[in-house]
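Novice: The structure that follows is given in the form of structure tokens.
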Amino acid sequence: MSDKIGLFTGSFDPMTNGHLDIIERASRLFDKLYVGIFFNPHKQGFLPIENRKRGLEKALGHLENVEVVASHDELVVDVAKRLGATFLVRGLRNASDLQYEASFDYYNHQLSSDIETIYLHSRPEHLYISSSGVRELLKFGQDIACYVPESILEEIRNEKKD
């Protein structure tokens, strides 16, 4: 029997504790879980991808079956095929997230019918945490320590120094 390989993608700009929770839970479902940092052309970048990757690798270092990869200008299904992933993992906070994700699921299935999407619901304590909300708090100098992993906080502090 072949290994179960999953792919969880996002812009992770920045990664939140909600992302971390979904990744930790998804890692228990697969032999190998890739976490793909994707550049979203519709979003203004806050942290450079290199900083995001470094922060994610530190935050996920305790998960032996998880590997962080970065991708520019590729479709998720193409990355999944390249990595041998047959499952896409998506986190859902609310009905709006499901509606948004369903359209991508449709196209992904059209492009590769052997790739399935698995949805994991956010835990109640993470329902209202979003990367855009964290960026907004940062814009106004607010403390975000309770919303992001320590390694991400370090990357943000280091980026602000430069």
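Any Cβ shown, glycine's included, is placed from N, Cα and C.
Below are the features listed in Swiss-Prot for this protein:
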- SER11, PHE12, HIS19, GLY91, LEU92, ARG93, GLU101, HIS126, LEU127, TYR128, ILE129, SER130, SER131, SER132: ATP binding site (BINDING)
- SER11, LYS43, VAL76, ARG90: substrate binding site (BINDING)
- HIS19: site 'Transition state stabilizer' (SITE)
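Walk me through where these features lie, including what they touch and how far apart they are.
Specialist: Counting only same-chain residues at least 6 apart in sequence, those with a Cβ under 8 Å from the Cβ of LEU127 (ATP binding site) are ARG93, ASN94.
Secondary structure from DSSP puts HIS19 (ATP binding site) in a helix. Counting Cβ atoms from all protein chains shown, HIS19 (ATP binding site) has 26 others lying within 10 Å of its own Cβ.
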Novice: So if I draw a 10 Å sphere around the Cβ of ILE129 (ATP binding site), how many other Cβ atoms end up inside it?
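Specialist: So the number of other Cβ atoms within 10 Å of ILE129 (ATP binding site) is 19.
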Novice: Within 10 Å of its Cβ, which one of these binding-site residues (VAL76, LEU92) has the largest number of other Cβ atoms?
Specialist: VAL76
Novice: Kindly assign ILE129 (ATP binding site) to one of the three DSSP-derived states: helix, strand or coil.
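Specialist: Its secondary structure by DSSP: coil.
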Novice: Taking the Cβ of each of the binding-site residues and counting other Cβ atoms inside 10 Å, which one has the highest number: SER11, SER131?
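Specialist: Ranked by Cβ atoms within 10 Å, first place goes to SER131.
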Novice: Taking the residues SER11, PHE12, HIS19, GLY91, LEU92, ARG93, GLU101, HIS126, LEU127, TYR128, ILE129, SER130, SER131, SER132, which the record names as binding ATP, find the longest CA to CA distance and state it in Å to the nearest whole number.
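Specialist: So the binding residues stretch over 18 Å, Cα to Cα.
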